[in-house]
Amino acid sequence: MSSPSPTVNQREQYKDQLPKDPKALDNRFPLYLGDWKKSDPRVDDDLAMDNMDEPHMKRKLAILKKHPDIEKLYGHDSRTSLVTIAAAAAQVYFAYLFGRVWTETFWGFIAFAYIVGGSITALYGVLIHEATHNHAAPTVFLNKLVGLAANIGIPVPIYASFRRYHLEHHTYQGVTGMDPDLPLEWEKKMIRGNAALKLLWLFIYPVMYVVRGAAMKKTPSTWEIYNIIFTISTDILVAKFCGLRGLLYLFVSLWFGYGLHPGAAHFIQEHYTFDDGQETYSYYGILNKPYMNIGLHMEHHDFTKVAWSRLPEVRAMAPEFYDSMAYHTSWLLVHWKFITEPGYGPQSRLGRSMEDHKTARKQVGKLRRADEHAYEEMALDAQKKGI
């Protein structure tokens, strides 16, 4: 005979008797920090390896159990669409100025492309990221349109491919052969901890987005094809109305904004292992304001349904899950430390096999059912005792 379902009163009566320590299912509870040691390119040829699944789904369950009101933060922020339109219009306007008006300055062109153009392009990455997670508009289709709009100021079709591979990164974080955010073999072998090579590697980082995506060897999706057509069309229009120099301005801005730029340091900040046992890091610094809280990466991975504007509230509501984690306070220092210290390199990441990921991920269902089963067992015991 199946166990009787507990009543509401019985649930409340036995609530405090529930098991408080799910370490029996996963010994990383509650912060889900691993016991692995970070990879050192001076002695290690490959990534550090873990035999557990990525931590964020289980972290989310642990946090929601204690702070269920965080779910009220879910949803999009329509202001993102307005920022996208403004940023795209500004960058095209600057392309016009450098293509048709300020045509004789070279160093001014380079300086402006780095300081202003690179900063706006780095912001495009944030906007594309928000649209990828459907945080910019109420429907998936509208979010895709916002993503394409953010791609207007980027002369390479990035949005649709980023959406495809970034969502895979969330699903298979650290899974070798599946997470497109992990470095390729040649990156690990060639760069290692050499400061000059790391500097060059970061300088060509915009290329790495294309190379890593191509390494997945997947047929372009329908929206990737749409993105290619859309970007070719906008590039033609920019070249026609802003001139080839105006189009060049967009390319140079892209190179700077996704490479050695403070606004691009979050690419290193997010998952490069600066500490043993921790594979995701947040940045709590002043640049979160212009870059729409992209630095709050731990919070984002824990709660992907929370838009940028409400991510600080996640930390505020559950400080015990975030303030005790390692974090960064300067993107400039992130780049400086990563480049100058030989103990960091492309292999300063965490990997895991698909088999280990799947095996450990099966515990999620057990964690979700744990309370229900416990209540049922207590209700049955209460019935036997005549409570």
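Using N, Cα and C of the backbone, Cβ positions are placed for all residues, glycine too.
Bear in mind that TrEMBL entries carry predicted annotations, made automatically and left uncurated.
Per TrEMBL, compositional bias 'Polar residues' is recorded for 1-11. According to TrEMBL, the domain 'Sphingolipid delta4-desaturase N-terminal' annotation covers 42-80. Annotated region 'Disordered' per TrEMBL: 1-26, in sequence order. According to TrEMBL, the transmembrane segment annotation covers 82-99, 105-128, 140-160, 195-215, 236-258.
Non-local neighbours of the transmembrane segment (105-128) in the same chain are 80, 83-84, 87, 90-91, 94, 98, 136, 146-147, 150-151, 153-154, 158-159, 162-163, 249-250, 252-254, 256-258, 261, 263-264, 290-292, 294, 308; each lies 6+ residues outside the stretch with a CB under 8 Å from one of its CB atoms. Panel annotation: around the transmembrane segment (140-160), residues 76, 80-81, 84-85, 87-88, 91-92, 95, 120-121, 124, 127-128, 130-132, 134, 209-210, 221, 223-224, 226-228, 230-232, 234-235, 238, 247, 250-251, 253-254 of the same chain, lying at least six beyond its termini, place a Cβ under 8 Å from a Cβ of the stretch.
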